[in-house]
Each structure stands twice: as C-alpha cells, then as structure tokens.
Amino acid sequence: MDRKVTVHEDGCPVVSWVPEEGEMMDQKDKDQVKDRGQWTNKMEFVLSVAGEIIGLGNVWRFPYLCYKNGGGAFFIPYFIFFFSCGIPVFFLEVALGQYSSQGSVTAWRKICPLLQGIGMASVVIESYLNIYYIIILAWALFYLFSSFTWELPWTTCTNSWNTEHCVDFLNYSSTRAASYSENFTSPVMEFWERRVLGITSGIHDLGSLRWELALCLLLAWIICYFCIWKGVKSTGKVVYFTATFPYLMLIILLIRGVTLPGAYQGIVFYLKPDLLRLKDPQVWMDAGTQIFFSFAICQGCLTALGSYNKYHNNCYRDSIALCFLNSATSFVAGFVVFSILGFMAQEQGVPISEVAESGPGLAFIAFPKAVTMMPLSQLWSCLFFLMLLFLGLDSQFVCMECLVTASMDMFPQQLRKRGRRELLILAVAIVCYLMGLLLVTEGGMYIFQLFDYYASSGICLLFLSLFEVICIGWVYGADRFYDNVEDMIGYRPWPLVKISWLFLTPGLCLATFFFSLSKYTPLKYNNVYIYPSWGYSIGWLLAFSSMACVPLFIIITLLKTQGSFKKRLQRLITPDPSLPQPGRRSPQDGSSAQNCSTSPVKQELIAWEKETHL
C-alpha cells in the first residue's frame, strides 16, 4: 500500500492508506468480508484459555513428575521456571494477540517480518496436535461407553479377549507370593492392549482399523466441530460448561480419594520432599518442560485467543491469574491421583512406586484398576472418564479454533466471508479425521507415541520460546512492547517481566534446550519396544518440521526482499505501520483521537525510527 497524508484545516495531519494496483477489491467483496469478532465478555476469554491450558497433562503428568523428582522439593525448580519463563512468555503471547488483533502467523509477521517463521512453526505444531491429541478423547469415549455395564469389563479374566496369563485382582497378591508366572498380566492391562488397542508387535505391522475407535474418533470430531463452527460466538458459550465441569468432577474425586484407606500414605508419597534430588539436572529439565507443556506456550493458541480481546482489556492481570489457576489445578490433581494410588497400593499390598504411572498408563490402566476396588465402581468410572473427556475436549476444540483463526487471518478476503468459516472447519476436521484413522489401527499406538514424544516435544517448545523472547525483547524492543502494553492496560507491568524477556527466559531456554539434546534418549514403547531406525527418523522429521520454519522463513524473506543486505534486514525488522501506536485509540473500542501533539504521522514516525536492541 501507498501512504497518503492529508492535512485538516486545524493543521493536524491524517494518514490514510491507498491500495496499490492489484490490491483493489470491489465494493461487493468488501461488504462480504466479515469482522473477526470479539469475546462477548472477559469471562469467555478466561474460560477459553483455561480450557486450553488446563488439560490432561495437569492430571496425568504433573503429579507423576512431582513424585519422581523429589516430591515437595520439585516445587523449587518448578516455581523458578514459573516466574522466569511461564508467566513472561504466557503474557507475551496473549498481549501480542490482543495488541495486533491477529492470529499466530500474521501477528508475528506484523511485529517482525523476518521472524514470521515463529508463527508458521506454531501452526505446524497445532496441526500435529489436531491430528493426535483427539485420539485420547476417542479412548476416553470408548472407556466411558464400556462403563455402562453391570460389571466393568476390565474387572475379570473371563472375557473373550483375555489370555491364560490373565490374573484378576482377587488372586493378584497370592499369585505374586507363589510366583505363579513371570508373565502374568492383569485384566485391566489386557482390556487396554487387547480389547481397546488390539496392539500389534511393532510399528512395522499396523494391522487393521479398530472400527469402534474410529467411530469414537468420528463422534469426538463431530462434537468439536459444533463447538467452534460459529467462531467465538459458539466457543465462548461452550466453554462455560466444558471448562468448569472438570473442576466439579475433580472436587468429587478429591473428596472420594482422600476418604479412601491408604490415601494418607499416597499423599505423603506425593509431597514428601527429597532435597538431594535437586542436584540432578534432570529434575530442572522436567520442571522447565512441564511449564511449557502445561501453559500451551508456542502453540499459537494464546495469541489467537488474545486476538479476540478488546484493545484495552487487562491481559496482564488475566495472564497472571490463569497461570496460577493452571498450577493450582495441577497441585490439587496430585492429591486426587496419589490418594487413589495410595488406596490401590494398600489394597494390593505393594509399594506405591509399583502402581505410580504417568500419561495414558495412569488414565487407562492405573485408574481403571483403582475404580474396580471401590463400591459403585461403574459410577466412579463414568465420572472419571467424563472428567478426562471434558479436560481434553476444550483443549482440542480451542486448539482447532486457533488453527482456523490463523488461516482466516492469513487469507481474510477468501475465508472471512459468509459460510466460508464453516466450510474451512469442516475441511480441517475431515482431513484430520482421515489422518487420525492411522492412529486407531492396531499399530496406531506406536505412531501416537511418535507424535507425542517428538512432534510437540519440549525441545520444539524451548526452541520456539527462545526466538519469541529474542524477537520481542531484542529485535522489536522490550521497551517498545512495554509502551504498547501500557497503551492497552493503562500501566507498565512488573519490571521482572521485561528482565525475563531480555535475559532470564532466553538463558534458561537455551540451557534447557541444549541439556535436553544432550540427555536425549530414544523413545521406547512401555520402556521395552525399540523402534526401527526409520521410525526414529519419522519422529525427528516431525520435530524438525516445526523448528525448521524459523530459519527457513528468515532465508525466504531475505531472498524475496530487494536492496542491500543492510537495507533488507532493516526493512524486515521494522514492524508493520498499521499496528496501533501509543496515543492512537483503537477503533474497536469506539474512540478516536485527532490531537496534533500525538498525531498518527508523528506516532508512526516515532515507531519506525525507534532503535531496537538489535
């Protein structure tokens, strides 16, 4: 576009933008382009973000990491990363979305065209998440439907899928004492591996499609589609239920868990501090990666959700509250998990360490085994899998919403028209469903593990976080971004946030990133099955496909821009002049200012000429 400056009679210059040839759009097309929309109120934004960041990892990952890494001592490195990385980067992404009113790709493109690959990388990660995360919902639906029986099907060894090595819970202790068989299995394990997954011997043998899981996956996608098909108008209403219902289930399970025999021993096992574990660098790496996982950082979701805020929304206060809510939920979930694991260990007469699990092993093996030992086991099974379903559901459809938002902001003239959004969501759902069918084959679990271990791994998130804080702190300028934030919320955030962007966060991300690489251990399914070399190659391809976006788009944008290298670099680190500048009111808030002392031209020139840290 060309900039056109006119001067009013009062002497105030006004900037307008004239489309260049090829950018003209007839009036009919203009009228058809719909507005992005905004949240109806703050609560819709808060619940949507809470639904995205508070998910399955809070229940099945954090408690296990806490017990594994020194109990209460784990909170020391956890809160160091919480204040130096979690809150600063979380706030950065939300504020960026609110400031630019754009999805992940176009927001970074406007802030710094040279580093727009950050946004593209987040879209790649979102795409992977949309393919594999919803598989967990299909499993949860399968277990939920299986819970509506007189006897839970994973209680006994008399089912058609059980083998001669199956030993039910009543005979478990005596079998252990007699060493009846070194290869004995439990009915809950056989239900999981033989009835639900039908798992094969390895990734080389995918087997046939598990049609029941395929139907559950289809149902999950249908639910997700109708949760977001009308944009923030529908998403904002759905999260009132999906984001709050898991808390009701969590409270019910907490009350039930702490009243079980053996619960106290389980909670002590969860929280008893072992300060000597802090000497192990692995503890610190686990704390850092857990922060990035649980806060949904570098996935583009926070930027997209923040983009639907009003310009003067206090996103700083919201971000801090949401971060504390997320960590508090993880902490409380630990009481639920370990009170029930303590009960299960006491009932079986084994140490708690033998029943402690993380990930799918906790959700689909340990907990189903625990509920069979309770009175009214069908009720507790239904409640638990309903909680899992809703914990994962809002994370899934909000992630899909953010992917759609990024796409529509990249191509507004084509996609932001009547009926186009619904078709885009339908197309994304169909493509992701068809690709997801590969993960509900008999060998699909091996592929799921590759996605989970590599596609959205801590290495990818740490790498992108490093470039995010470098972009805002050093290229765009931390002081300049603080000016933008002050213009939005009316005051400047705590100085520690800026210090974190400039020094603490990049330092910790870089150190943790290289340590993660040095301590890399190849994926093993159940710590037994070793993938073939081509399987690991696929995993690393998934990881590098997102990280490679940053250097790749740096090279592409430099090659496409004309001029000397210095001029190209200067142009590519210059923010888009259409971004709001301090003193210029946002049109979406219904106010405008024509003040000569802070004219748009003057503000724009200040923004363009202000030196960056680079």
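Keep in mind that glycine also has a Cβ here, set from the backbone N, Cα and C atoms.
These figures come from a predicted structure and were not determined experimentally.
The compositional bias 'Polar residues' annotation in Swiss-Prot covers 588-600.
Marked as N-linked glycosylation site by Swiss-Prot on the basis of sequence analysis: ASN171 (among others).
Marked as N-linked glycosylation site by Swiss-Prot: ASN183 (among others).
The feature phosphoserine is assigned by Swiss-Prot to SER586, with a large-scale study or a structure entry given as support.
Feature annotation from Swiss-Prot assigns region 'Disordered' to 574-600.
Per Swiss-Prot, the feature topological domain 'Cytoplasmic' maps to 1-44 (among others).
Residues or ranges marked as topological domain 'Extracellular' by Swiss-Prot on the basis of sequence analysis: 138-210.
Taken from Swiss-Prot, the feature topological domain 'Cytoplasmic' applies to 557-614 (among others), supported by sequence analysis.
Under the heading transmembrane segment, Swiss-Prot lists 45-65 (among others), citing sequence analysis as support.
What Swiss-Prot records for 73-92 (among others) is transmembrane segment, and it gives sequence analysis as the kind of evidence.
The feature transmembrane segment is assigned by Swiss-Prot to 117-137 (among others), with sequence analysis given as support.
Sequence annotations record features per position, and here Swiss-Prot assigns transmembrane segment to 211-229 (among others) based on sequence analysis.
Distant neighbours of the transmembrane segment (238-255): 43-44, 47-48, 50-51, 54, 227-228, 329, 332-333, 335-336, 339-340, 380, 383-384, 386-387, 390-391, 393-394, 397-398; these residues of the same chain sit at least 6 beyond its ends, with a Cβ under 8 Å from one of its Cβ atoms. According to Swiss-Prot, the transmembrane segment annotation covers 238-255 (among others).
Annotated transmembrane segment per Swiss-Prot: 291-308 (among others), in sequence order.
Swiss-Prot lists 320-341 (among others) with the feature transmembrane segment.
Residues annotated as transmembrane segment in Swiss-Prot: 374-393 (among others).
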- Query: How does the model score the topological domain 'Extracellular' (138-210) in terms of mean pLDDT?
  - Reply: 84
- Message: Using a Cβ cut-off under 8 Å, which residues of the same chain at least 6 positions beyond either end of the transmembrane segment (423-441) come close to it?
- Response: 127, 130-132, 134-135, 138, 206-210, 213-214, 217-218, 221, 224-225, 228-229, 400, 403-404, 407-408, 415, 447-448, 451
- In terms of Cβ proximity under 8 Å, which residues at least six beyond the ends of the transmembrane segment (211-229) contact it? 134-135, 137-139, 141-142, 145, 196, 235, 238, 242, 393-394, 396-398, 400-401, 404, 421-422, 425-426, 429, 432-433, 436-437, 440
- the transmembrane segment (73-92) touching the transmembrane segment (499-518) per 3+ Cβ pairs under 8 Å rule: yes
- Query: Other than its close neighbours in sequence, what residues sit by the transmembrane segment (538-556), given a CB gap under 8 Å and a spacing of at least six beyond its ends?
  - Reply: 114-118, 120-122, 124-125, 128, 450-451, 453-455, 457, 459-460, 463-464, 467, 523, 531
- Interface present between the transmembrane segment (117-137) and the transmembrane segment (320-341) (three or more C-beta pairs under 8 A): no
